[in-house]
Each structure stands twice: as structure tokens, then as C-alpha cells.
Amino acid sequence: MAHLIRSKFQNKLSNAATSVSNKSTAKVSGMMARMGFQAATDEEGLGFAACDDLDYDHRQGLQMDIMKSDEMSGGDIGEGNGMAAGDSHYQRDGTGPPLSASKASGLGEEEKSPKITAWEAGWNVTNAIQGMFVLGLPYAILHGGYLGLFLIIFAAVVCCYTGKILIACLYEEDEDGQLVRVRDSYVDIANACCQPRFPSLGGHIVNVAQIIELVMTCILYVVVSGNLMYNSFPTLPVSQKSWAIMATAALLPCAFLKNLKSVSKFSLLCTIAHFVINILVIAYCLSRARDWAWDKVKFYIDVKKFPISIGIIVFSYTSQIFLPSLEGNMVKPSEFHCMMNWTHIAACVLKGLFALLAYLTWADATKEVITDNLPSTIRAVVNLFLVAKALLSYPLPFFAAVEVLEKSFFCERERTWFPDCYGGDGRLKAWGLTLRCTLVVFTLLMAIYVPHFALLMGLTGSLTGAGLCFLLPSLFHLKLLWRKLLWHHVFFDVAIFVIGGICAISGFIHSMEGLVEAYKYGIED
């Protein structure tokens, strides 16, 4: 018994000394990082976690040996249990100790979704940059001519390049010169660039831009639904605003979504339907090849409206938000660059062909949503398919925006401003449901009072699209990897940053002027 008591006492002293040593070392490293001398690296954090887990496994083994010896010797079992229960450092919410590092990693690998191939990743990128918003590209050609076509190519090249350098910011070289993925998301990259003085400022900026883009995407889906229905049935005594209200009524169940499993089943069908619609529009344009107005395509720029076209083109290529997650889930991340090349080349060819053929067919009569130019005999059918696609696509950005808002403002574990939206049983609380319903109603109000598809698309592309696709990736690349960059990389990054800034400012100003003018004179699409 004396030997047992002595071993327990020695174990407690050893555990206390180890814990104090680890905590003091971590505090000193954190203080040095905050003072700007040396930031604590992810490898150091992983090392401390590994030491902590090994220490925990060692103590668990000692405790099991002690408990077994207590049972065999008829000792006080309650004392052993009390010792385990008093180890609050390794308990979470009173549920007992966590798994060790090896077990936790094994469990995580089982729970993780299966890895995706380069073709599957390319399909996801294609869905993002070949969506419904290509319907506004012919309108961009209307105000830019051949320069608009050049911008479609230029935006594809730049977005492909910035997507690659954004992924490069996720990696750092270890002691052996091997690239190691030390960051997981766009927010992590932004936070790393703002350390050590403002460790969370970059993440907040990216989250705000992400929320704005996702919410504006939802608004655009409502706007385009009302627009398409109004132009499909012009003889009915129903206004575009009324159609938007009916579309939003069909979207109210989105407020009760807990996951996207039920919605994701329709994503493939929607994408196929959209490609079929594009083919139908191109086929109709080819049928009128004899009447194409080649003389209308000039090196002409509408100074007032062309910046809006820049925002439209940029917005149609936005995919940088989810690229870090996509690359992290690929079976062979080394194939990411090749995947980005062929997806953006395909997008560039299809978008340029679609925009040019549509503009050649209708010339100066080209409307903001190109399907409104179709003859009434086929317009209603095509528009109904597009409305169905818009309504089924709405839950994806809506659910993503809700998740960002909940994690940023309604998460007790992260010490946010408001309490958690979910109860202990996983059910949605009243304010969580209120938040979701408010977001749906907000998208409706914006669609009613600002029913201008092209202007909203240009505004969003100039405000968040240029920021997330042009400005921030080039800035982060220069900040994190400037010591390893070649001179031409530095030149490209600086040029993209300057061009992106000019496009963002000019597009935002002209889009706001267009919205103010349209609101002032009561102009609708």
C-alpha cells in the first residue's frame, strides 16, 4: 500500500511539472509572437499537442495499472476513480477524456468524406464558373464589343492564376525543404497575413466579403426568377415584383434546412438542364447565322456602362472561396494546377462563344437576360427550366451564408456576440429560425426594390468578385511568399492587384450610379 501511495504521489508531481512546463513554454512563445520577434509556427503547435497526447496516454496507462492493482489488492477503487475524474484538463463538458491522437486521427479518417479525383474537382469548378450568370455575358459584349471578348479571356487567365497562387499560400516548406499544408481555408490565409498584430482581422474581412457575395447571389436568383417569369407570360396581369414574391414563397422552406443532402440530389440534374438550355440558345443563334450583325461588333467602349460589364464578367468566374477546401479533398493535389487550366480554358471558350453568338443574333436589342430575346414560342419553356434551376440553386449559397453567420455571431463555443442557434438536442432555436427567415425576406426585399439583374451582378462582381479573385490572392501571395517569388511572379501579382483595384473601384461607382438612376426614374428590367 505504501508503494502504491508513493507511485500516485510521484505521478501527480510529474503530471503537474509537465503541464506547467508546456504552458509556460507556450505562453513565452505566444508573447514573443505578439511582440513581433517570432511567430509560433504550426509545427510547434502540433509538437505541443503531440507531447500533450503522449503524456495523456502515459498517464492513462499508469492509472489503469493502479486501478488494476487496487482491485487485486482490495484497495479503495473510489480513490482511483476520483483521481481520473479530477483530471479536468482532459475532460470536455463532463463527458470524460478525449481520444488519443492516434485514435482521434483514425476516427477522423473514417468520418471524413471520400477523396475526389481531378475530374470530380473540375466538375465542381465548372459548376461554379458555368452557372446561370453566363446569361448576362452578351449584355457585357453590348457595351464592350471586342474588348468585352478580350476581358472574358483575360478574366479566365487571371482567375486561373490567382486560384493557383491562393493554393500556394496554403503551403510552407519544412526543415527538409518539402511543402507542407499548414493552412486549410481562405480565412486561415487571411489571418496568417495579418499576424502578429491583427491575427483575426483578415479572416473577418474575408468572411464579410463571403457573406456579401453569397447573399447577393441569393438576391440574383430571386431577381432572375421574377424577370424570367414576367417575360415568359407578359399577357398575365402579374408584375415582376409579384413573380418575385411567389418565387420567394417557394423558397421559405430553405429556412428549415439542416443539411443539403436533399438539395444536392438535384444539382447534377440542374447542371445538365442548364447545359441543354445553353445548347438550345446557341442552336437558335446558329439558325439565324445569315442575319448576324458582324458590323455591330466594334472596338467600342461605352464609358458609362462598360465598367459594369467588367463586374459581370468577373462575377461569372468567381470560385476562389471554395478552392482551398476542394484542393484539400483531392486524391492527388498535385493535379490541381492541371485541373484549373482545363476548366478555365473550357469556360473561356464556352462563355466567349455563347456571348458572341448571342450578341451577333440580337445586336443592339440584346437584353440583360439573354433568354428574354428568344421568340415567345420557346421563351416560356426555356425560362421555366431556368426558373426551376434558379430556385433549386438558391439553397446552396443561402445555406452557406447561414453557416458563416451562425459561426461568426451565434456560436457559444467561439465566444460570439449571441447565443448558439441550436439547443443541446440539435434542434434549431427560435432566434436561429428567425435569422434564417429574416435572410430569406431580405433577399426578397432587395429583389423587389432593386430588380436589375445586370446592375446587381456588376456591383457584386466589382465589390466582392474583384476582391476575392484579384486583390486578396495577389496581396496574400506577395505577403506570405515574397522571399521565394521570381521577378515575373512579383510583376504579375502587382499588376493584377493594380488592375483589380481599378476595375473594382470603377465598376462599383458606375454600378451604384446605375442603380441610383434606375431607382430615381423607376426603371425596371
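Just so you know, glycine gets a Cβ as well, placed from its N, Cα and C.
Among the features that TrEMBL reports, domain 'Amino acid transporter transmembrane' is placed at 115-512. Residues annotated as region 'Disordered' in TrEMBL: 77-113. Taken from TrEMBL, the feature transmembrane segment covers 147-171, 205-230, 242-259, 266-286, 306-326, 338-360, 380-405, 433-450, 456-478, 490-509.
Of the ranges 147-171, 338-360, 380-405, 433-450, 490-509, the one with the most Cβ pairs under 8 Å to the transmembrane segment (306-326) is 147-171. Packing against the transmembrane segment (490-509) from elsewhere in the chain are residues 158, 161-162, 165, 307-308, 310-311, 314, 458-459, 461-463, 466-467, 469-471, 474-475, 477-478, 482: each is 6 or more residues past its ends and has a CB under 8 Å from a CB in it. Touching of the transmembrane segment (433-450) and the transmembrane segment (147-171) is ruled out by the presence of fewer than three CB pairs under 8 A, sequence neighbours closer than 6 excluded. Under 8 Å from some Cβ of the transmembrane segment (266-286) lie the Cβ atoms of residues 127, 130-132, 134, 350, 353-354, 357-358, 360-361, 370-371, 374, 378, 382, 385-386, 388-389, 392-393, 396, all in the same chain and six or more residues away from its ends. Taking Cβ pairs closer than 8 Å, the transmembrane segment (380-405) reaches residues 131-132, 135, 207, 210-211, 214-215, 217-218, 221-222, 224-225, 228-229, 231-233, 247, 250-251, 254, 257, 260, 263, 266-267, 270, 273-274, 276-277, 280-281, 371, 374, 435-436, 439-440, 443 in its own chain, all 6 or more past its ends.
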